[in-house]
Amino acid sequence: MSGNNIRVVCRFRPSNKTEIAEGGVPIVNVLEDGTSVVINGKEAQQTFAYDKVFGMDTLQKDVFEYSIKPTVLDILSGYNGTIFCYGQSGSGKTYTMMGSDIDDDKAKGIIPRIVEQIFDSIMQAPANLEFTVRVSYLEIYMEKVRDLLNPSADNLPIHEDKTKGIYVKGLREVYVSSTEEVYEVMKSGNNNRVVASTGMNAESSRSHSIVLVTITQKNLDTGAAKSGKLYLVDLAGSEKVGKTGASGQTLEEAKKINKSLTALGMVINSLTDGKSNHVPYRDSKLTRILQESLGGNSRTTLIINCSPNSYNEPETISTLRFGVRAKTIKNKAKVNADLSPAELKALLKRVKGESVTFQQYIQALENELLIWRAGGEVLDSQWASMDKASKGTLPSPRTPTPSSFRPTLPDDSRPATPALALEKDEREEFLRRETELSEQVAEKETELANKDTAAQTLQTELQALKESEKAMATTNQSITSELNDVKLQIQKASYDRKESDINVDSLREANAELVTELEQFKKTIEELKAQKASAVQQDASPATEADNVAPSIDVLSDEDILALEQETKQTLDQLNTGSFELTEDQVQQLRKQLQQYKLQLGQQETLIDSLQKDKTELTDKRQNLETRLNLLEVEYEELLEKAIADEEVALDDQPEEIHRTISELKTKLEQEFVTRKEIQQKEIQELRSQLEEKDLQYKEMDTTLAELKITHDKLQSTLETQKKSKVSLVGDKDKDVEKMRKSMAEQMAYFEVMKKGLMRDLQSRCEKVVELEISLEETREQYNQVLKASNNKAQQKKMAFLERNLEQLTNVQKQASAVLGRNSENNEKTSVVLTMHLFFFFFSSWWNKTRN
Ligand SMILES: Nc1ncnc2c1ncn2[C@@H]1O[C@H](COP(=O)(O)OP(=O)(O)OP(=O)(O)O)[C@@H](O)[C@H]1O
């Protein structure tokens, strides 16, 4: 620990508009050495000296380089540090600390530059040093501590702790790993700061803001650790409220600001006047938080910001004096280090040695005391001393002999010797020190024991780590070989997949072939249908030879077959009853038809044979395909399962990526397999249904064929019967003709009777017509009379029309009567009925019209 003064640097900003407008002029002169400034005041010229003075046009970068950079190195070495800006409102404190734009390389202030420097240094630090950086951001507004990173915490308490020192309880700490992250924290904190427009500054900070950066570093080799805290303080500006015209809330803020700044001044006074026993740190939140920075464990830099203009001369002089005073503050910065186990051991050894020396010293003193008490005397040269104890030259402990013992009764004859009083004080002192030392020793022993245990644990851990490293190396090797195996397996799997792809392709081809065959089969069916249709047409055509006999066999439907059967049966019945006669031509025709039937039957049989063959082939193919497909499916599944299982087993300990790739591959393969399987199953289903259709067709054909055979057999037998009966038929032909003539004569007689009946009926109808004519004539007469009476032209026209119609009807009736004489009975009947109908039609229409 060494005493170190606060570093004070002074910065002047350029004159601002208000100052110029008020007619102020620059009154500062920075001397060449860069550490002194002369103020050409109204009344006197004053010189102020600091560690560094920056003129009006100093760049942000230069302020950092020349005054701040070393502080960063201090923090990284384990010291606490503080940089704070002091000055009147609008003097450039925020400009200096944060800058007008932290993203602009020129405009950014010292805080962003410090952050950059910290991370640059961390990056360049040895690899065995491990760093952590934490950032907090607070403001003291109206004497309340607000967390700018957690604005809801707006009145945080300040605590003190043996290990932590002075700290704000509950303040949010953000771990950061880069400059950008710190910038983000700064920006979010800045957004929560309280600023207001004042007469001195358009954006005046109404609070003291503190950025706290905590850096801890740990030596991974020795276990030693260091930590440094850096307080970056932008104080609110002091202001003369009369000058700035503050009122209302701004006035209240100004009062609080000035009060806390006064407290800061008082602390500095107490620290520097050399008389004060008490430093009033607790008078304000600001001084309490900055307690370590002012006269404590910190390397502190104060930046005093001033106006160069005569308009603000009094404030500038005040600020400069503040800086001068602060410059004399002595701090006691020390490295905040946790000792390594080795260092602790050495310390313990030393303390133990000291303890032994003390014990020896105490023992020597006690012996000496006993001698004195016993009335003995100890020579000056033999008196016990700490020096002798540490050199180990103390006389060996002696027990006082009884002879030399003298009672220590108080001798009233003389006053108590000062030796006794000294003895008592010394004893108390020794006892106190002994207790202290034994406490220290006990503490150190406990510490040592703890450290020993920690060291042993560490050694065990180290051993375990070495072993695990070995195991890891072995595992690594095995993993590498497994990885190679897996790679091989993946390759194999990809080959297998390709193979299965090829298989699937071949299946597709087979499928395509089947489809082609199916198409051909369909074509064949179409052709058959076409043949059937043409046969039906032939049947329907009157030019066909077999027209009057039977429909063509190859187009026989169920109804046709039934009709044919009935016809055959009738023919057979007729033949059996002898009521049917066949001419020579008919017999010839029957023969021809029979030959045709035979031909068609042959064709049908050939067709059925070919169909049978087709069916067998198709069934075989279907079976083959199904077998192949099943085999392929089984193979594919086995392959897939095997590949997946192998990959799963092999890749259990593999890196995540390979595992994921494999699982993706697996999912893809499974999806592909499922899709293909579905497609193939659909195809198989289609093929099956087609085959079933074919089967049905085949069965129908079979039935038709059977029926045709039966018909053929019947016809054959009929033909045989015809052949047999042919001879007898020719012989009986004349008789049959005779019979037919007779039957014809009978029929003619029957027709004659019917004709006579009809003629009678006609006659009676004609009579009725005559009667009707008469009644019509009468009606006409009546009508004419009515017409004459009405003299209506329209009625006359209608009447004339009716008359014409009647005449026509009469003609028709006459023609019909004439025809009746010539035509058959039916025709006569029809004619009469027609005439009657016509008559009644015209009559009814006339009658309706007349009535209307
Ligand atoms: N060195 C400089 N160069 C140029 N402009 C400056 C400089 N210093 C300060 N300024 C400008 O002066 C104005 C006041 O500065 P700033 O806000 O930093 O003052 P402050 O001391 O923080 O005031 P307050 O105490 O009221 O918050 C700002 O507009 C700032 O940009």
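Any Cβ shown, glycine's included, is placed from N, Cα and C.
Here is what TrEMBL says about this protein:
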BINDING   Gly87, Gln88, Ser89, Gly90, Ser91, Gly92, Lys93, Thr94  ATP binding site
COILED    427-468  coiled coil
COILED    504-538  coiled coil
COILED    580-642  coiled coil
COILED    674-725  coiled coil
COILED    769-819  coiled coil
COMPBIAS  393-408  compositional bias 'Low complexity'
DOMAIN    5-329  domain 'Kinesin motor'
REGION    388-421  region 'Disordered'
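Remark: of the binding-site residues Gly87, Gly90, Gly92, the most isolated position is Gly92 (fewest other Cβ atoms within 10 Å of its Cβ).
Cβ crowding, taken as the number of other Cβ atoms within 10 Å, peaks at Ser91 among the binding-site residues Ser91, Thr94. Taken residue by residue with DSSP, Ser91 (ATP binding site) is part of neither helix nor strand, so it is coil. There are 25 other Cβ atoms within 10 Å of the Cβ belonging to Gln88 (ATP binding site). Most buried of the binding-site residues Ser89, Lys93, judged by other Cβ atoms within 10 Å, is Lys93.
Across all of the coiled coil (504-538), the predicted model scores a mean pLDDT of 76. Contact annotation for binding-site residues (Gln88, Ser89, Gly90, Ser91, Lys93) versus ligand 1: Ser89, Gly90, Ser91, Lys93, each with CB under 6 Å from a ligand atom.
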